Amino acid sequence: MRRFIMHRVKCDREYSLALSALCVQTAKQEPGEELAGSLVAKAWSAIVDTTETVGRLFKQNADLVATHTLDKLSCLILEKRALRKVYQEEHQRIHGELTRLRDAVLKSTSEYEKCIENAAAAKEKYEDQFMKGRGNRKVEEAKERYVKATRKLHQAHNDYILLLNEAMNYEHHLRTTLLPGLLEYQQTVQQEAVDCWQTVVRDFSHRTNFCSEPFQALQKSVVESIEQVNSDKEYEDFVERYKSKPIPPIDFHYDESLLNNYSGKLKPEQIAIDEFTIDSVRERITELQAKVAHIQAVILEKETQLAQFQVDVSEIKTTPDLGSAAMVKKRAVDIIKRERDEAKCQEERFNSQLQLLVQALSLMGNEVPRALDLDLDVTLNGEQSSKGEEIMDFTTISKIAARHFVDKLKSPFLRKQANRPQHSKDSEESITTSNNISEETNNTHHLRPYSRMTVNPNISLQDEDWFHGVLPREEVVRLLVNDGDYLVRETIRNETKQVVLSVCWQGHKHFIVQTTADGKYRFEGPAFSTVQELIVYQHHLGHPVTSKSGAILQTPIFRERWELNNDDVELVEKIGRGNFGDVYRALLHPQRLDVAVKTCRVNLPDEHKKKFLQEGRILKQYDHPNIVKFIGICVQKQPIMIVMELVPGGSLLTFLRNQGPKLSPKELLNMCTDAAAGMAYLESKNCIHRDLAARNCLVGKNNVVKISDFGMSREEEEYIVSDGMKQIPIKWTAPEALNFGYRLPAPEKVPETVYQLMLRCWEYNPDKRPTFQEVHQTLVNIGKNI
C-alpha cells in the first residue's frame, strides 16, 4: 500500500506539471483582436483555464496525500509491528512459565524418589545396627542419619505436593484465563488497527476523487468496497480457517507408586505435619498469606484503575484516528483487564496452597505428631517388646540383610525398580472379524510413559516397547519427528544381525550398538551386560551417545498398538502367493484366532518393504463389513508380516467358477451389492483401489463379499501389462486410459437393468460415470424388484 500511494503521488505530480506546462504553452498563443467576442475562443479559453485549475488541484491533493495519508500509514505499519512483537513476547512468557513448572515437576519427582530411596536405606542400616547390638555410638550415628534422611524426605514430599498444585492451577489458568485473555486482547488491537487502516484509505480515496463522471463511476466502486470494511467481522474468516485446537489439559496428579517402597506416615495428596515439617509449614503459611495480601492489593489497584479509565473513555469523544485519547484509553483498559485477570489467577493459586497447609495444620491437635517411631526395644531371647509387638529374631533379619545385599550386587543399574509393582494402565484391545469372533484382551502393546524407563531382567529386548524389530530405515524417519526422539531396531549387515539405535537430533542418526570382547554392549561410555541397561543408562544420564554427534536420548518412541509380536503368529499352511511374498493361514496367540497372514520376502529391497508397511498402515484405518479387516503388523523380526481377517470362502473368482451356476440371480445381485457397498465406503475415505476384480474379492459366511488386496499381495492369475512404471489390469482399464480392446458382453442371467448400469460405468466421458455410492444405491433398488 505504501509503495502504491508513493507511486500514485509521483504520477499525480508529474501529471500536474504536464498540465501546467501545456497551459503555459497555450497561453503564449493568445488570440488576436479579430477573435474578440468569439464564442469558440471563449469556450477554448474556459477549457484552458479549467485545465490549469485541474492541474493545481492535482498537485494540491498529491501534496496532501504525501504529507498526511502516508504519515498515517507509516504510523500504522510501525504499530502493527509493535503489536506483533508484544503478542509474541506475552505468548512466549506465559507458555515459558508452564514449561518451567513442568520441568520443575520432573526435577522434584526425581528428587522425591531419591529421598525415598535414601530414607529406606538409612532405615535399614539403622535397624541393622540396632539389632546387632553394637556400641551406642554407631547406633546413634545410624539413627541420626535415619532422622536426617527422613526429614529431607518429608520436606521433599511437601515441596512435591505444592509444586504439583501450583503447576495444576497454572495450567488450568493458562487454558481458561491467560491465553484466552491474550487472544482477546490481540483481537481487540487488531480490530483497532483495521479501523485505522479504514481511516487511512478513506482519506486517500477522498484526495483522489475529482468528481468527474469517469472518476465518480470508478470511485463509487472503491468507496463501496471501503465502506464495507467492518472491523468486527474482519478476522472472522481468518480465525475460522487458521484457528488452532485448544491446548489439551495436562494431568498433574500425585503418583502414588512413589510410596510403594515406603512404610512411614506420609500419605498421598496430604501435607505432612510433624516434628520435621511444622516449622517450615508455618513459615510457608506466613509467606503465602503475605503473597495473598500483596496480590489482593494489586487486584484492588487494578480494579480502581479500570473503573477510572472506563469513565474517561465514556467522556472522551471517540475518533478512529491512531493515537487519539479514546484509543489510548481503550488500549489501557484492555491491558489492565489482562493484568487483573492474571493477578486473580495468582491469588487463586496462592489461596489453594494456603488452604492445603491451613487445613492440614488445623487437624494437628495440641501436640505435634512424631514423624518416626524410634523406640525399638528389641530382646534377643524371644521376649516381646514394651509395646507387645512381635519382632523378628536376629537370624531372620540377618537373612533379609544378606538377601538384600545379594540383590544389590545383582542389580548394578536401576534393577531394583524392575521388581516394583507396575502401575500399569494396560487397555484391552479387541480383535473383531466378520465371523463374530469375540473380543480378546491384548496387554502387550500398551504405551508406557517414558518417565518410567527401567530395566526389567524378566523382559527380553524384543519385548521392550521401544524395540521396533526389523523396521526399515524409511519407517524410522517417519516415526522420529522431534529432536531427542529415539528407538531401537534390528538390521542385517553382511549377513550379520546388528542392533541399531536411531535418534532424531538435527537430522536422523543411526548408531550400531558395539559389542565388546567379553560380550557386553556400549557406545563410547561404559559397557553393560544387556542392550536394555545401555539404553536406559543413556536415557537417564542425558549425555550424548557420541561426542561427535551430540545426540541425546529424550523421548522413546514406542511400538504402535497394532504392531504384533512375530512369535505370536503361528503359520499353519500356505494358501496363496502375492507380489511381496506368500499368504498363509495362521493362528494368532494367545487367543488362537484363525487369521490370514501376508509375508514380505526377506531379500526384497527396502523400498518394497516400505510400500508393504505403508499399505498396511492405510488399511488399518478401514472398518466395514465388506472390507477385509486388518488386525496388525509384525516387524519384530524377519519376515515382516501383515495379519488380517481370515475369510473362509476364498476368492470370489474361484467361488463363481465352482458355484456360480448353482446361484440364483438374487444371490448374485446381493454379492454385487456387497462389493459396491465396500467400494462406496472406500470412496468415502478417498481411497482408490485401482484393481477391483473378482480375484481380489473374498467370500465369507452367508456368501458375504469382502474387498481385499489393496496392492499388498495378488494371486498368480493376475493379468497385467507394464510400461516400466505402473501395472495396469487390462480388462478393467477405463477407456480413456486404453483406447483399444473390447468390452464384456452381457453375461447370462444378468438383468437388463444391471447391464445398463454396467454400460454407464463404461461411459467414455468420466463425468457421466456413476459414483460407487450411486452404483450401490442402484443395485439396492434393483434388488427390491427381483
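Glycine residues also receive a Cβ, built from the backbone N, Cα and C atoms like all the rest.
Lifted from TrEMBL, the feature list:
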ACT_SITE  D691  active site, proton acceptor
BINDING   I575, G576, R577, G578, N579, F580, G581, D582, V583, K598  ATP binding site
COMPBIAS  430-441  compositional bias 'Low complexity'
DOMAIN    466-557  domain 'SH2'
DOMAIN    569-786  domain 'Protein kinase'
REGION    416-442  region 'Disordered'
*Calculate the distance in Å between the alpha carbons (Cα) of V583 (ATP binding site) and D691 (active site, proton acceptor), and round it to a whole number.*
18
_Structural state census, the domain 'SH2' (466-557) (DSSP three-state)_ = 18 helix, 31 strand, 43 coil
*asked:* Assuming the binding residues for ATP are exactly those in the record, I575, G576, R577, G578, N579, F580, G581, D582, V583, K598, what is the maximum CA-CA distance in angstrom, rounded?
replied: 14
_Cβ neighbour count (within 10 Å, all chains shown) around G581 (ATP binding site)_ = 22
*Cα distance, D691 (active site, proton acceptor) to R577 (ATP binding site), nearest Å?*
17
*Reduced to three states, what secondary structure does DSSP give I575 (ATP binding site)?*
strand
*Inter-residue C-alpha distance, I575 (ATP binding site) and the residue listed as 'active site, proton acceptor' (nearest angstrom)*: 21
*Around V583 (ATP binding site), how many other CB atoms lie within 10 A of its CB?*
22
*Sort V583 (ATP binding site) into helix, strand or coil using the DSSP assignment.*
strand
*Report, in whole Å, the straight Cα-to-Cα distance of the residue listed as 'active site, proton acceptor' from N579 (ATP binding site).*
14
*asked:* Tell me the Cα distance separating G581 (ATP binding site) from the residue listed as 'active site, proton acceptor', rounded to the nearest angstrom.
replied: 18
